[in-house]
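One structure is given below, represented as structure tokens, and several questions about it will come after.
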Amino acid sequence: MSQTQYDTLVSARWIITVEQDGEVLENHAIAIKDGQIAAIIPASQCASISANQRLELGHHVLMPGLINLHGHSAMTLLRGLADDKALMDWLNNHIWPAEGKHVQDDFVFDGSCLAMAEMIRGGTTTINDMYFYHAAMARAGLASGMRTFVGCSILEFPTNYASHADEYISKGMAERAEFLGEELITFTLAPHAPYTVSDATFRKVVELADKQDMRIHCHIHETADEVNNSVKELQQRPLARLQQLGLLSPRLIAAHMVHLNAEEIDIVARHGVSVAHNPASNMKLASGIAPVQQLLAAGVAVGIGTDGAASNNKLDMMAETRLAALLAKVGTLDPTAVPAATAIRMATLNGARALGIADKVGSVKVGKQADLIAIDLSALETAPAFDPVSHVVYAAGREQVSHVWVKGRCLLDARQLQTLDEAALKARGEDWRNRILAR
Ligand SMILES: CSC[C@H]1O[C@@H](n2cnc3c(O)ncnc32)[C@H](O)[C@@H]1O
Ligand SMILES: [Zn+2]
């Protein structure tokens, strides 16, 4: 019988599988073939394994790639432009005017490539995005090799991209058609928020999502003002309105969900809605603390997102995962809330569940695609290493991410980007800084 020839064999000191909470395999290897995890093998049996490439990561954790469940990648080019503001002041008086002046196709491509480089260097393998000029975002996804969910933004008011809701939808769907054969590119429908989208448009979104089998990605209950204004103007909380409009279903990824009562948590769970938790953005805009522990207890798939670089200001999923674990404890005054293994599950498998790709990625399992990262724990800052699960969440930083693979393709090798040109990205960023300052 002929022996299997694997593409890559990566052995590591520890593998965090995320199959069982806190499961760690010591001194094992992952064999990758045709982009898939083909075998998980004890290191002691690796000598007889044939592989085109072998990598021995003696001080590292291998684990599933991080899934950024809510972002606006191109906003890297607006990073640090308006800090220390409340959401509506930030949007109305700073971000939307800046977007009106600058956002177009090349802004989105350059900003998204910059974001993807940052995310890859921080161990993120999948981004669930929403912005404008979706073909540019998808091209950035193809250039970087990241698994990319492109949200077709929908608003009622005009922007550079489109002038009314129907135009946002038709342009977005036309751009989606260009990328239908691309396995790593998936389009979603992204109505911006209950306060910027009408009932009629939400109904169209639900119908289209059902017809085309698409996810829906929307900012919901981000601030107390959003909820209070809706009650004042419509005598209804936004979530109740969205429920009436048919939006609540397993298709929906609700970003933020900071202000929820017990009844709403139950409704979210019963409808199979997923939640993208954005701890840094919620803290920086002083939006509040999302009831993550209660959502998880109700069975909701809560993943983790960075939001955009203009409200975070990092696209650092390791930092975000740490914050998710810490903020849950402060929010509930319970130190057992969101333990490290749960935080890792949120940043990986829960994100995959939300996106409908948990059969493909999100954990280390034979047959899944090889979306994997390696984190080097040999640094002084992570010595000694008793428990890699604890270290990944509480002690390690993104600078310790050494390798990243998406579908078996190496995007980061010993901290070197393999698909994107770091110097060129920095130069383009500097160009945009000059252009933005000049207007
Ligand atoms: C239509 S999606 C892009 C749109 O959303 C804006 N945005 C970025 N972050 C947030 C946030 O936290 N809440 C609401 N809207 C946000 C972004 O500037 C784009 O205009
Ligand atoms: Zn957002």
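Just so you know, glycine gets a Cβ as well, placed from its N, Cα and C.
If you look up TrEMBL, you'll see H70, H72, H219, D307 marked as Zn(2+) binding site. The annotation substrate binding site is assigned in TrEMBL to E99, H192, E222, D307. Annotation comment: TrEMBL describes 61-409 as domain 'Amidohydrolase-related'.
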Just to verify: the residue among E99, E222, D307 with the fewest other Cβ atoms within 10 Å, which of the binding-site residues is it?
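Counting other Cβ atoms within 10 Å of each of the binding-site residues E99, E222, D307, the minimum falls on E99.
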C-alpha of E99 (substrate binding site) to C-alpha of H219 (Zn(2+) binding site): distance in Å?
18
Please list, in sequence order, those binding-site residues from H70, H219, D307 with the Cβ less than 6 Å from ligand 1.
H219, D307
Out of H70, H72, H192, H219, which of these binding-site residues shows the lowest number of other CB atoms within 10 Å of its CB?
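Checked H70, H72, H192, H219; of these binding-site residues, fewest Cβ neighbours within 10 Å: H192.
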Of H192, E222, D307, the binding-site residues listed, which put a C-beta under 6 Å from ligand 2? Please answer none if none do.
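D307, by Cβ distance under 6 Å.
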If you measure H219 (Zn(2+) binding site) to H192 (substrate binding site) at Cα, how many Å is it?
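On Cα coordinates alone, these residues lie 6 Å apart.
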Reduced to three states, what secondary structure does DSSP give E99 (substrate binding site)?
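DSSP call for E99 (substrate binding site): helix.
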Rounded to a whole number, what is the top Cα to Cα distance in Å among the residues the record ties to substrate, namely E99, H192, E222, D307?
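Largest Cα to Cα distance for the substrate-binding set is 21 Å.
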D307 (Zn(2+) binding site) to E222 (substrate binding site): how many Å between their Cα atoms?
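About 12 Å separate the Cα atoms of these two residues.
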Which secondary structure state does DSSP assign to H72 (Zn(2+) binding site), in the simple three-class scheme?
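Coil, per DSSP.
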How long is the line from the C-alpha of E222 (substrate binding site) to the C-alpha of H72 (Zn(2+) binding site), rounded to the nearest angstrom?
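Pair distance, Cα basis, whole Å: 16 Å.
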According to DSSP, which kind of secondary structure is D307 (Zn(2+) binding site) found in, if we only use helix, strand and coil?
coil
Beyond the listed site residues H70, H72, H219, D307, identify every same-chain residue whose Cβ lies within 8 Å of the center of their Cβ atoms for the Zn(2+) site.
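Surrounding the site, in chain order, are G71, M130, A255, H256, A276, N278, S281, G305, G308, S311.
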